[in-house]
Amino acid sequence: MFCLEDQVVLIAGGSQGLGKQFGQKYWDESRHSKIILVSRSDVKLRNAITDITGGRQEPVELVMPEVAASEPSASGSSAINLSKSSNHAGFESELRSNSNRSSSSLKESTNVVTHLTTNAADSRIVYIACDLSDPDAVERMFVTLQHNNLLPTQVLACAGGSIPKLFTDLTAKELEMGVKMNYMTTLFVIHKAAQMVPQAHLILFSSSTAFFPFIGYSQYAPAKVSLKALTSILRHELPNTRISCVYPGNFYSEGYVLEEMSKPDITKSIEGSSYPISCEECCDKIVWWLNRGYDDVTTDSIGWFLMSLDMGLNKHNNNSAYWFVQWLIGVIANLLVVPFYMVLCSYQINKWHKQNKNKNTLL
């Protein structure tokens, strides 16, 4: 149901964390798959490929073509317009049309990409440095993939990150970063993939906080809830496309270490027994469930239980492990367990507020 072999896999957020771990898994467990790592940082991507391959392969970059300044996109910056291209033929037609209108600039940039085709063809793993929160950059990325015959068969939208703080302690920049990292990066990649390669397997990465958003995650959880909603909508609109959504719990990564530095004590208290698993174990669990045909995937028992409490209207197309048991648990727990837990949770939060109010009074 989910095969690592003979794929062209695009891993958004592939320079570190879970995305990098997926790159490692494809490298170790396949022989003929093409692996494309994408993130903003050229240096991190090069280091990731060196780590994944053990230094046995030089990092190969697919350089995105520039476009003529005379052809501005609707957003005001230069880009090749792919919005009307819903299949390969449409994409190629649009590309030819744009090439004719802006021949000098696009020809020069196309030569750059064509120059790299041989290296890309010989490499099992390549990278593209791209700001995935910029829709124009995502369009140019797909131009690059098309030129190199690397349109993906699987898309893993792993990009994201959390800055756990109280809402009023967050800066406007951090809030903006949360929306860009955790929603827009996935939105634009999945949107373009759905237009260009509707037969590709689309895998979105949300979070177990999407089932239970709580204090300390205002920069992160709302975007992850949005991805859960987006998944439900896409399953309505794209019935012939396999669309999976992963809801990981805590796992060790570079991002997790940084999160613990800013995470409020009350957030840690409510998280309680949600102990982080290794990044490798998290990756293995996701692949294990996807391989068995499940498309709503959690990585720990707490995430699975929280999902069972969320079997709402859009869950008619839910495809998670033991979904009927989840439904039964959800009915019982929502009636008998959740009310008591929410009283306890409210008590913890109110107690924390009073303690902090007293501290501020003393100061």
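A Cβ is built for glycine as well, from the same backbone N, Cα and C atoms used for every other residue.
The NADP(+) binding site annotation in Swiss-Prot covers LEU10, LEU18, ASP131, TYR220, LYS224, SER253. Taken from Swiss-Prot, the feature active site, proton donor covers SER206. Sequence annotations record features per position, and here Swiss-Prot assigns active site, lowers pKa of active site Tyr to LYS224 based on similarity to another entry. Annotated transmembrane segment per Swiss-Prot: 324-344, in sequence order, evidence recorded as sequence analysis.
Annotated features, which come from Swiss-Prot, shown on the structure.
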{"residue": "LEU10", "record": "NADP(+) binding site", "contacts (Cβ under 8 Å, 6+ apart)": "ILE36, VAL38, LEU145, PRO152, GLN154, VAL155, LEU156, VAL189, ALA193"}
{"residue": "LEU18", "record": "NADP(+) binding site", "contacts (Cβ under 8 Å, 6+ apart)": "CYS158, PHE205, PRO248, PHE251, SER253, CYS279, CYS282, CYS283"}
{"residue": "ASP131", "record": "NADP(+) binding site", "contacts (Cβ under 8 Å, 6+ apart)": "ARG40, ALA137"}
{"residue": "SER206", "record": "active site, proton donor", "contacts (Cβ under 8 Å, 6+ apart)": "LYS224, VAL225, LEU227, LYS228, THR231, CYS245, VAL246, TYR247"}
{"residue": "TYR220", "record": "NADP(+) binding site", "contacts (Cβ under 8 Å, 6+ apart)": "GLY161, SER162, ILE163, PRO164, GLY178, ASN182, SER207, THR209"}
Checklist entry - By a simple count, how many Cβ atoms lie within 10 Å of the Cβ of LYS224 (NADP(+) binding site), its own Cβ left out? => result 25
Item to check | Longest CA-CA distance among LEU10, LEU18, ASP131, TYR220, LYS224, SER253, per record bound to NADP(+), angstrom | outcome: 23
Next on the checklist: Need the DSSP three-state call for LEU18 (NADP(+) binding site) to compare against my parser.
Outcome noted: helix
